[in-house]
Each structure stands twice: as structure tokens, then as C-alpha cells.
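These notes are about the structure you will find just below.
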Amino acid sequence: MSDAGGGKKPPVDPQAGPGPGPGRAAGERGLSGSFPLVLKKLMENPPREARLDKEKGKEKLEEDEAAAASTMAVSASLMPPIWDKTIPYDGESFHLEYMDLDEFLLENGIPASPTHLAHNLLLPVAELEGKESASSSTASPPSSSTAIFQPSETVSSTESSLEKERETPSPIDPNCVEVDVNFNPDPADLVLSSVPGGELFNPRKHKFAEEDLKPQPMIKKAKKVFVPDEQKDEKYWTRRKKNNVAAKRSRDARRLKENQITIRAAFLEKENTALRTEVAELRKEVGKCKTIVSKYETKYGPL
């Protein structure tokens, strides 16, 4: 019997139940088996949008690293290098600053002595490498060993300094010693004690010979001889003038020496008093040092 549409109904299997058929169950099993394969393909070949996002993230990370490196370089060198500057030399704006050459060489690890530098230049490459390795190996020991060796070095340095201090100093020339003495003589006396046309007399440095300090012998004056006017000829007056000049010269020399001796003696008296006061102060200091040493010896034993 046909329905209104004129079509025919498909034949119905009388044994088929209301649930799904065997074809549907087989399709579900096929889908569950192909799911891991699809996931693996997606992981190996991601979509285009995901790849673009990943590439953009990588580029952004590289840009951030480059910006950080540039900021670090700028902070490390805030000023342009000196070879980029042009310094005009006009004699006024150019100022040369002081630089300690030894300190600069020490900071850069360059030997200061030319002998050491020449020795290193003449050495072959193998020996230089051996020296560098030896220096690195000596610098690498732990801090405990350095702490052990440092006191011995300090002790040896202190012992050498003590030996140098204990050595007897070289003798001092007494002529080079100057004592601080408040001595200001009268300038007029200095002029009278100076040789005319020569240097000004210096009582601090001037020294007399032994013959100058000896008392001069008394010379008896010759008896006066009366010469009448008739015998006073030209020869007589010439001899008389020569005698007067010689007498005046001897008197001036004697007075000059007397003035020099007087001023020099005044200075020596002042210097002697100053030296006596210094010696008294030194004796006091020596007495204090002796008391300190005696107290130390009574407490800790002899030195």
C-alpha cells in the first residue's frame, strides 16, 4: 500500500532493536583511535596564528634584552670617549691635569721599572705563559694560607726597620748645625764690624783663627825726636805722611777685629744659653725614659 507521496517505505528489520546499530559502534571506535594521531599532528604543525604569536614573543624578548644591554652600556660610560672629543688648543681653555704615572701603571698592571719590562719583552712566549700560570697558581691558594704567611712578612719587615733604627747614624758636621737663637745685633755695629767694600759681617758663621784670638804684643812707642824747622824738608814730610797712614790702617784693623770679636762673643753667649736649656730638656726626657724602662724591667724582667 502506497502512502500519500507515492513513495515506498524501506524495509524494516524485525530483529533490529530500538538502540544503535553495529555500524554506529564501529564509527565511534574509529574516531577514538584517530584522536591521538590528530593531536600529534597539531603539536608538530601548529596553526599559523600560534606560530606568529610565538615569533612575536621571541622578537619582543630579544628587543628587551638589547634595550637592557644598551642602558647598561650608557650607564657604564655616561660621557663620550675621549677620542670623539675635539679639544681646541688656544692656550687658555686647554688645561693639562696632573696624573700620577706610577699609579696609572699599577692600576693597569704594567710594570713601572724599564728593566722588568725589557726582560719580559725578551722572554719567549712559552716562558711568559709559564710565568702567567705560576702567578695565577700562587694567587689561587685559600685565604688560610695567606693568613698564615702575612704575620711572618710583617714581623720580618718590623725587624728590618728596627735594625735600621738601631744602626748608628752618620756623624753630623757641627758647622752645618744651626741653633735657633733670638739674636738681633745693631745694624750699625754690623757695619762697623764689616770690611769696607766687602760682605756684611755674619756673627753666626764667622770664625776666627787662633792667631787672631791671641793677645797682640805691646809695641813700645819710639821716643819722640825733636826736629827743628830748618831740618823739616820734603823727605821728612813724606816719611811723616807714610807713618800716619800706616798708623791709621793698623788702628782701623785693630778696631774692626775688636768689634767682630765682641759681636761674635755676644752671639756665642746666646747660643750657649739656648743649648744649655735644650740639654736640660733632653736630660729630663732621658730621665723619664729611664724610669719607664726600669718599671718595665721590674714588671716583665730585663729587656
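Cβ atoms here come from the backbone N, Cα and C positions, even for glycine.
Scan Swiss-Prot for phosphoserine across S32, S144, S152, S250 and the hit is S32. Among the ranges 88-95, 184-191, 200-207, 256-263, the stretch that Swiss-Prot annotates as region 'Leucine-zipper' is 256-263. Swiss-Prot lists region 'Basic motif' for one of the ranges 235-255, 277-297, namely 235-255. DSSP labels the residues of the region 'Leucine-zipper' (256-263) in these numbers: 8 helix, 0 strand, 0 coil. Cβ atoms under 8 Å from those of the region 'Leucine-zipper' (256-263) belong to residues 185, 189-190, 192-193, 195, 201, 203, 206, 208, 212-213 of the same chain, restricted to positions at least 6 beyond its ends. DSSP assignment over the domain 'bZIP' (233-296) gives 63 helix, 0 strand, 1 coil.
Note on the region 'Leucine-zipper' (256-263): its mean pLDDT in the predicted model is 92.
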